[in-house]
Amino acid sequence: MSAVLPTAAFLYERVRRVIPPIEWPAFTDDIEAILALKCERKAVILAHNYQTPEIFHCVADIVGDSLALARKAMAIDADVIVLAGVHFMAETAKLLNPDKTVLISDLSAGCSLADSITAADVRLMRQRYPGVPVVTYVNTSAAVKAESDICCTSSNALAVVESLDVPRVIMLPDEYLAKNVAAKTDVEIIAWKGHCEVHERFNAEDIRELRETHPGVVVLAHPECPPEVVAEADFSGSTSAMSDYVGREKPKRVVLMTECSMSDNVAVAHPDVEFVRPCNLCPHMKRITLANIRAALEENRHVVTIDPRVATHARRAVERMLSI
Ligand code: 13P
Ligand code: SF4
């Protein structure tokens with residue numbers, strides 16, 4: 001952490017292409033306060049790629065997709081971690097940092113996938129398919145992870161499934177991620193019926209229309225999209241994989257079939273790329289604001305806790321994934 005605070009004015013240079021000047025003054029007070037509070041409390045802010053640009057580019061210390069946030073959470077030198085993302089991400093950070101204070105600034109920042117399955121559902125699946133290993137997407141509660149053999153994220157799902165070296169796996173809870181992985185492997189995948197409320201709204205017709213109205217557009221789709229969308233896209237990968245694709249391939253025109261703020265965050269680093277922006281917002285990610293991050297650091301809320309018996313089993317499933 002730097003002893004000299006970067007001023008909000010300096011930070012505006014980073015985000016001026018995605019935050020209009022008229023909106024910026026509403027953020028500066030909170031940004032200055034958060035930068036000071038981070039030093040005072042020896043805190044770091046981990047922000048997911050879907051956070052808004054004033055969070056992602058102005059106060060976050062570590063940014064990335066779910067896998068990167070989990071990996072980087074393992075090596076944090078801080079007393080306090082603020083997770084700017086949704087609740088399952090904060091739980092994962094806590095699992096990997098049991099002795100640190102992990103805060104999430106709005107406890108109701110959930111996820112439709114995490115809400116689609118309970119620990120009892122996983123036990124029922126095990127009874128129905130005895131001996132078949134359970135691969136659980138990180139977008140689940142710690143209680144669900146605790147019932148699982150191993151976790152996965154959108155960036156390592158295929159590698160995790162194949163690492164088990166078995167003919168069949170149960171993959172929970174995202175039906176579309178499971179089907180998108182199934183299309184790339186000989187392993188038989190038994191899926192659940194969970195969906196991401198943001199990605200399930202995209203369809204193949206949207207892509208065909210985008211290609212017509214924006215000639216030459218390169219289409220990148222998150223693997224939580226329905227398989228018909230992934231099949232129509234030019235590339236599919238995790239949020240960070242999409243961001244890396246833009247940096248590597250430098251398409252003239254691109255559309256990210258994923259949450260809306262991603263395009264803003266990636267556009268900041270790529271002024272020469274034109275981003276076409278259909279806007280599907282994740283209401284859960286958008287619960288996190290500069291104002292509530294500031295309040296979280298000022299008032300030490302909301303502290304993320306996990307029942308120790310659940311945590312032991314859930315941590316094992318996350319650590320097994322991270323060892324791959
Ligand atoms: P990533 O792991 O690709 O960042 O995805 C997380 C998520 O919630 C996507 O909706
Ligand atoms: Fe969950 Fe979808 Fe929001 Fe990601 S975008 S946090 S999967 S609801």
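Glycine is no exception: its Cβ is also placed from the backbone N, Cα and C atoms.
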If TrEMBL gives Ser66, Tyr137, Val138, Asn139, Ser154, His222, Pro223, Glu224, Thr239 as binding iminosuccinate, which of His48, His270, His284 does it give for that site as well?
His48
Among His48, Cys111, Asn139, His222, Cys282, the binding-site residues in the record, which have a C-beta under 6 A from ligand 2?
Cys111, Asn139, Cys282
Of Tyr137, Cys196, Glu224, listed as binding-site residues, which ones have a Cβ less than 6 Å away from ligand 1?
Cys196, Glu224
Rounded distance in angstrom between the Cα atoms of Glu224 (iminosuccinate binding site) and Cys111 ([4Fe-4S] cluster binding site):
13
Round to the nearest Å and give the CA-to-CA distance linking Tyr137 (iminosuccinate binding site) with Cys196 ([4Fe-4S] cluster binding site).
12
Under a criterion of Cβ-Cβ distance under 8 Å and sequence separation of at least 6, what residues of the same chain contact His222 (iminosuccinate binding site)?
Ser154, His199, Ser236, Gly237, Ser238, Thr239, Met242, Leu256, Met257, Thr258
DSSP secondary structure for His48 (iminosuccinate binding site), reduced to helix/strand/coil, please.
strand
Assigned element (helix, strand, coil) containing Tyr137 (iminosuccinate binding site), judged by DSSP:
strand
